[in-house]
Amino acid sequence: MYSEGKLLKVFLIFAGFIIFSLCGEVVSQRYPPAPGLLKYLEQDVCYSLYYYLNWTSLADCKTNFEETGISDVPSTVKVRCQSKNSIRFETEPSEHWQLFILMEHDNFDPIPFTLIEPNNVFGELITTANKEYQIWSTYLDEYGTLQDWMEGPIVLKFDQRNQQPDDIKYNVTQEFKYIILGNDSYTINGKFVWNTTGDRDLCFDIANICQNTNMKHAKIWPTAHPSFDVENLVLNDECEIHVKGIHGTTKHKYKTPSCFELPECFLNNMEPEIPQDVAIAADQDLRGWWNINVAWAKPHFQPEIYNVTVRANMIRSIILPGNATETTFRNIPNTFLSAGKIYNVSVYAIIGQKASHTSRRAFTPGMLRWVWAGATAGAGCAAGGLLAATLLCCGHRRATSRVSQEDPDEKTPKEDDVEIIGIESGSADDHWEVRSDRVLLHEVIGEGAFGVVRRGTLAPGGKSVAVKMLKEFPSQEEVRSFRSEMELMKSVGAHPHVVSLVGCCSGRKPLIVAEYCSRGDLLSYLRSSWDIIVSKHTAKYYNNNMDSMDTSKLKVHKEHTKLVVNKLYELQGPCETELTPLDLLSFCRQIAMGMEFLASNRIVHRDLAARNVLVTEDKTLKIADFGLSRDIYEENQYKQKGNGKMPVKWMALESLTRRVYTTQSDVWSFGVVIWEIVTVGGSPYPEVPAARLVRSLRSGYRMPKPVNCSKPLYDIMRACWNASPRDRPTFPELHQKLDDLLHSACANEYITLEVDVDEAPSTPKPQRYIKMLIRGKLPWSRESYERPVNPTSNLYSSPPVIQTKTA
């Protein structure tokens, strides 16, 4: 009996130990993160909140992480959509911040998390397809205090075969609404609707890509009636919307209505068509005087009149009826236009008070070679006939545009050289002129050796502009160059991705009034975004929902903020949201579109770089300073030759060795700009001194592929850096290649915003994206990523230098 009782006692003790151990194991598994991971999680979450909390709250936030327990109240979160890369969930709204994490069983990988701001109900968490997770959540107050963790649902492994039926496309339909903005401005708003295929098919990623407007993208949260609104579409634009859901991506092409398809727009707007296919040619008669022929295509809708203007050392205009398609300026004296000089021709189509125009530039043919033949009296008749035939042949040579490797010696017309024929005061030819009293000047936003740029307001509409002017006591050469720049900007015309002329004052104190881009230059914009990426991802986590927060509702303590602001521009905007891979790819495409326009106008930029591209409030990129030299440069970026500075790290090999500048040399520079964008503001050739660059390029060296860049995108860069200019792609081809990349399913396949330097795969795969993004080490070292403490200059402060043109 005693032995049986003792045996029973031992059994009970052993059973109790087993039960205690099992219970302890269950409790330990219910606690969300392991202690080591909890430390990393608290760092990343608290630093993410640091942008909206003060310094004391940051310390409290870390302490609260250590003291948080487990709540008996279950979480209200529900998984609504699941794909191979993420889940999207819905929760109850709260007046507090909510923190959601994904715990993987028996694994010590970093923990994906997301923060949802007060009163929001949807969120997204990054997953890996072949893993099983559990969601945990908690609340945080405005001081960073955490409540107890609440246990949420299990997220099962994603089975793509069961989730994604084959060959299913969404039926996308659209309707457009015509909007009158005032001031003779019009736009289109589009609404796109598509079907769903069941309860698991309720979440979508949308990208809208148009030829003439910015790409727009959005996440569609769970809804049984999905739709997407696109505002501010351009009339007569070709677009494509991508709807990515559980069944893959459906691409729907559409074209926005033209003004002529909308009765209200047609009646109220009636913009004359821009003259197309403008061709110009000059020939010289036997007296040495010039005739310039101008021809253009017949428009679909005839304007009231045409105003055709030629500018050389004089201005001459002709008014023509609306059915005209050709005219000739005859008997221009060689005192106004000489051989081998540049001239500009503008064709304005005019209806009422509205005008559209196209401008072209060309060189007159070289000096005539007069051949005088001496002959004897007996052979005089034959020699005279031969001489006459030679002169007639030479006298009617046509002009052809040709490449200029040096700046042409162009002169602007003097006031007493102006000759105007058949033009009335206030007509289309002087519509650029703005009275100086209409421009209200504000603070200086840029300053160079020769000029100053101020932010301005243009009356009466109150439009923000950038006003460029010369400094006090300019030289005659500076005034001449400034006026040449003014005429050049008139002739370039308007494009969505080129900084356009708003107006000018051509009086004694000339002014250039241009578009104002509030976010400054692209290089500073990229680097400010990089600062945000580094600060938000210092440890081992990625908060993929922060970019959707309304930061205007949050309290920011400026005395503790980490934000670095370039005071030359309003850079608070870039510091509020980080860029996405889709943004970076769109930036490359926008620059290609702007350069395609300049190349079509036979304009060579010669200084294409991220610092020479401006960013507007809505992330539209505009190429600036095309064809101009800059005053101030970053150290080791420009090499002095005579009185000119050269952007050696952006220049093509032939430009460095032979000073040849063509559109194809701009293509080389564009490849460097792509590299700047992919590296989010990195300095090119970080390991190569400028003095050794030419030797390195000649030997075949090219910048290696950035670790966060895919092979297809890097192949585009390498194609731009081909040693043979003829073998480089053209800008239309680059535009098409970037369109093809954007049309693919996921921009993350081509660019990631952070990389794992421990493993550094040459081509990051999509399933590795989150792991690379949440690792704690930075992808670029201080030595290879040069960042100036202060901006070296801005895009408006370049000295005006004459434009270079190609054939």
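Note that Cβ sites are derived from N, Cα and C of the backbone, with glycine treated the same way.
Residues or ranges marked as signal peptide by Swiss-Prot: 1-28.
In the shown protein chains, 23 other C-beta atoms lie within 10 A of the C-beta of CYS46 (disulfide bond). A helical conformation is recorded for CYS46 (disulfide bond) in the three-state DSSP classification. The disulfide bond annotation in Swiss-Prot covers CYS46-CYS61 (among others).
For ASN54 (among others), the entry in Swiss-Prot reads N-linked glycosylation site.
Under the heading disulfide bond, Swiss-Prot lists CYS81-CYS203 (among others). Mapped onto three states, the DSSP output places CYS81 (disulfide bond) in strand. Counted within 10 Å of its Cβ, the other Cβ atoms near CYS81 (disulfide bond) come to 22, all protein chains included.
The DSSP secondary structure for ASN171 (N-linked glycosylation site) is coil. The feature N-linked glycosylation site is assigned by Swiss-Prot to ASN171 (among others), with sequence analysis given as support.
Positions annotated as N-linked glycosylation site by Swiss-Prot: ASN183 (among others).
In the three-state DSSP reading, ASN195 (N-linked glycosylation site) counts as coil. Look at Swiss-Prot and you will find ASN195 (among others) tagged as N-linked glycosylation site.
Within 10 Å of the Cβ of ASP205 (site 'Implicated in PTTH ligand binding') there are 18 other Cβ atoms, across all protein chains. Under the DSSP three-state reduction, ASP205 (site 'Implicated in PTTH ligand binding') is assigned to strand. The annotation site 'Implicated in PTTH ligand binding' is assigned in Swiss-Prot to ASP205 (among others) on the grounds of experimental evidence.
Taken from Swiss-Prot, the feature disulfide bond applies to CYS210-CYS239 (among others), supported by experimental evidence. Of all Cβ atoms in the shown protein chains, 22 besides its own fall within 10 Å of the Cβ of CYS239 (disulfide bond).
The Cβ neighbour count for LYS219 (site 'Implicated in PTTH ligand binding'), using a 10 Å radius and every protein chain shown, is 14. The site 'Implicated in PTTH ligand binding' annotation in Swiss-Prot covers LYS219 (among others), and the record cites experimental evidence as its basis.
Among the features that Swiss-Prot reports, disulfide bond is placed at CYS259-CYS265 (among others).
Sequence annotations record features per position, and here Swiss-Prot assigns N-linked glycosylation site to ASN307 (among others). The secondary structure of ASN307 (N-linked glycosylation site), as reduced to three states from DSSP, is extended strand.
Of all the Cβ atoms in the protein chains shown, 10 others lie within 10 Å of the Cβ of ASN323 (N-linked glycosylation site). Secondary structure at ASN323 (N-linked glycosylation site), taken from DSSP and collapsed to helix, strand or coil, is coil. Among the features that Swiss-Prot reports, N-linked glycosylation site is placed at ASN323 (among others).
For ASN344 (among others), the entry in Swiss-Prot reads N-linked glycosylation site, with the evidence type sequence analysis. Within the same chain, residues at least six positions away from ASN344 (N-linked glycosylation site) with a Cβ under 8 Å of its Cβ are VAL310, ARG311, ALA312, SER359, ARG360, ARG361, GLU487, SER491. According to DSSP, ASN344 (N-linked glycosylation site) is assigned to a strand segment.
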| Cβ-Cβ distance under 8 Å to CYS210 (disulfide bond), same chain, at least six residues away | LEU233, VAL234, ASP237, GLU238, CYS239, GLU240, THR256
| said: With DSSP assignments reduced to helix, strand and coil, which class does CYS61 (disulfide bond) get? | reply: helix
| message | I'd like to know which of these glycosylation sites, ASN171, ASN195, ASN307, is least surrounded, judged by other CB atoms within 10 A. | response | ASN171
| task | Enter the number of other CB atoms within 10 angstroms of the CB of CYS203 (disulfide bond). | result | 25
| Residue with minimal Cβ packing [other Cβ atoms within 10 Å] among the disulfide-bonded residues CYS61, CYS259 | CYS259
| remark: One of the recorded positions CYS81, ASP205, LYS219, CYS259, ASN323 has its Cα closest to the Cα of ASN171 (N-linked glycosylation site), namely ASP205
| Reduced DSSP assignment, CYS210 (disulfide bond) | strand
| field | Spatial neighbour of ASN323 (N-linked glycosylation site) that is closest, considering only the recorded positions CYS61, CYS81, CYS203, LYS219 and their CA atoms | value | LYS219
| When DSSP states are folded down to helix, strand and coil, where does CYS239 (disulfide bond) land? | strand
